[in-house]
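According to Swiss-Prot, the feature region 'NAD(P)H-hydrate epimerase' maps to 1-220, an assignment based on similarity to another entry. What Swiss-Prot lists as K(+) binding site is ASN59, ASP127, THR164, and the listing cites similarity to another entry. The (6S)-NADPHX 1 binding site annotation in Swiss-Prot covers ASP161 and is backed by similarity to another entry. What Swiss-Prot records for 228-509 is domain 'YjeF C-terminal'. Annotation source Swiss-Prot lists (6S)-NADPHX 2 binding site at GLY335, ASP450. Summarising the annotation, Swiss-Prot assigns region 'NADPHX 2' to 385-391. The ADP binding site annotation in Swiss-Prot covers 421-425, 440-449 and rests on similarity to another entry.
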Amino acid sequence: MPIVAYDPDKVREADRAAVRMGVPGGILMENAGAAAASVIWDRFRPTGRVVILCGPGNNGGDGFVVARHLMIRGAEVVVLSTSVDRRGDSKAAEDMYLACGGRVLASSEVSDPEVSDLLGGACLVVDALLGTGSGGEIRGQVARLVELLLETYSGPLVALDMPTGFHGRTGVSLGVGVRADLTVTFLAPKSGAMFTPAFDHVGEMVVSPIGVPPRLVLPQRADVVGVGYEDLSHMRLPMWPGQNKSHRGMVAVLGGSGMFGGAPFLSAMGALCGGAGWVVCGVPSQWAPTYGHLVPESMVLPLPSDGRGDLTSEAWDVIASSYGDRIRCLVLGPGMGRGEGASSLVRRVLSSWDGPLVLDADGLRILADTGLPREARCSLWITPHEGEAACLLGTSSRWVVENRRDAAEALASRFGGVVLKGRNSVVMRGEALSVVCAGHPNLSVPGSGDVLAGIIGASIARMGDVEEAVCLAVILHGVAGERLASSGRADGILAREIAHQAALVLGGLGDV
């Protein structure tokens with residue numbers, strides 16, 4: 001099933017709703033901490049010292065509840081607290097722990113060597129420093145404890161709600177941060193845990209209840225949906241007896257230039273392996289006889305080009321008059337180059353085509369230079385990697401890498417549908433935001449993005465212009481990389497192999 005995640009402010013509002021229902025905040029904290037302690041005990045059965053790092057807020061209060069329940073089970077527990085002035089439910093949790101004979105050390109009164117010795121002798125550490133309670137850079141005693149933890153401790157680590165050092169909504173690094181083996185999150189997963197870099201620091205995620213039914217206090221619509229291979233069975237492409245090529249839909253690929261002839265054919269291969277009924281590959285006329293035999297299953301359409309071998313705006317007239325009313329999805333940009341002819345063609349298509357359009361590769365660079373025409377009528381999906389996204393947003397690749405949710409939201413607000421490629425690719429249109437938890441570094445090879453653009457085109461042609469179709473395509477592409485890696489192809493793969501493997505994944509959906 002998909003992972004439905006919520007922004008921290010929505011979960012805080014859910015807590016308030018539970019209180020309005022008559023469940024006191026202290027009871028919610030007790031339920032959450034007790035459930036987390038059960039998960040921790042069942043998973044680790046700690047026989048040595050357990051060190052629980054408690055921050056100043058409610059996450060620290062959760063930590064005190066966990067400490068008490070682990071102590072009740074017989075664990076040797078020491079709490080290292082950054083606060084000497086707790087209030088409210090957090091203070092009550094500390095008082096109950098102390099009343100049971102619990103041991104608390106104020107971090108400000110313990111030297112670095114003493115903290116290091118305490119952590120170095122632990123068999124388990126629980127991070128209850130901040131959870132989702134920080135939006136700024138980690139500092140003070142919290143930063144000090146995290147730095148000492150990273151220097152001196154290498155054993156299992158459990159985070160409560162979110163690993164310290166990462167934003168609960170965006171997953172952005174807040175400076176120094178912990179890497180958990182297990183994150184016990186309360187009521188529902190937090191959105192930030194779905195995005196890198198936080199995703200790579202969460203470890204296994206377990207959701208613990210707080211004593212109220214989630215459906216009564218959380219919004220009906222999640223802020224972020226995480227999808228992966230297990231969800232493919234719910235996204236199957238339509239197929240029935242008597243289905244023909246027309247039912248499967250036509251994908252038209254428009255690309256190629258004097259320098260890059262193979263890219264559009266890789267997109268055509270992706271579309272075919274992604275299940276399209278027909279694929280038309282429109283390329284500069286000089287490339288048609290050279291590359292056409294590489295993908296004989298596609299129909300190659302020679303198109304007008306200039307003296308450099310780049311497509312011109314007249315290419316749209318040819319493809320529109322030949323196939324316009326039959327095209328269900330258009331893929332534009334692979335290998336197109338960035339010359340004046342290509343730029344004119346992109347502007348022409350954006351202004352003329354009123355169906356689904358997947359804009360990729362050089363088409364994105366042209367879009368960054370010229371902007372989206374005011375008269376654009378197409379249903380646009382852009383598929384940038386982080387460098388192309390940076391060009392479209394007028395920022396740096398580093399910013400995009402470090403702020404993937406913010407980048408995807410900015411792109412979607414400007415251009416419509418977006419697939420921000422990379423670790424945990426982000427799919428977004430309107431307010432619907434999905435994160436695809438599938439993929440492998442072996443996918444970072446030339447032509448991989450061209451193949452993905454074709455698979456997206458095929459999924460849209462089969463399922464319609466819906467976010468689910470795009471998510472399915474991105475999952476297929478990601479799982480193809482994972483399957484190749486598991487078969488010994490963790491490096492040195494070819495883009496065409498990704499397409500072929502995606503077809504095998506697609507064909508095996510009945511086994512999901």
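For all residues, glycine too, the Cβ spot is worked out from N, Cα and C.
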- Task: Could you tally the C-beta atoms, other than its own, that fall within 10 angstroms of the C-beta of LYS421 (ADP binding site)?
- Result: 23
- Task: May I ask which of the binding-site residues ASP161, LYS421, LEU443 is closest to ASN59 (K(+) binding site) if we compare their C-alpha atoms?
- Result: ASP161
- Item | Intrachain residues whose Cβ lies under 8 Å of the region 'NADPHX 2' (385-391), provided they are six or more past its termini | 361, 364-365, 368, 397, 399-401, 407, 411, 420-422, 449
- DSSP says what for the region 'NADPHX 2' (385-391): how many helix, strand, coil residues? 6 helix, 0 strand, 1 coil
- Message: My understanding is the cutoff is Cβ-Cβ under 8 Å with a sequence separation of 6 or more in the same chain; which residues meet that for GLY449 (ADP binding site)?
- Response: ASP360, ALA361, THR383, HIS385, LYS421
- Among ASP127, ASP161, THR164, GLY335, i.e. the binding-site residues, the one with its Cα nearest that of VAL445 (ADP binding site) is GLY335
- Item | 8 Å Cβ shell about ASN59, ASP127, THR164 centroid, K(+) site members excluded | LEU53, GLY55, GLY63, ALA128, LEU129, LEU130, GLY131, ALA159, LEU160, ASP161, MET162, PRO163, VAL178
- Collapsed DSSP category at GLY335 ((6S)-NADPHX 2 binding site): coil
- Find the one among the binding-site residues GLY335, ARG423, PRO441, LEU443, GLY447 whose C-alpha lies closest to that of THR164 (K(+) binding site). ARG423
- Per DSSP (three-state), ARG423 (ADP binding site) is coil
- Message: Given a separation of at least six residues and a C-beta threshold under 8 Å, show me what packs close to ARG423 (ADP binding site) in the same chain.
- Response: THR196, PHE199, ASP200, GLY439
- Message: Restricting to the region 'NAD(P)H-hydrate epimerase' (1-220), what is the model's mean pLDDT?
- Response: 97
- Task: Specify the secondary structure state of ASN59 (K(+) binding site) as given by DSSP, simplified to three classes.
- Result: helix
- Taking the Cβ of ASN59 (K(+) binding site) as the centre, how many other Cβ atoms fall within a 10 Å radius? 26
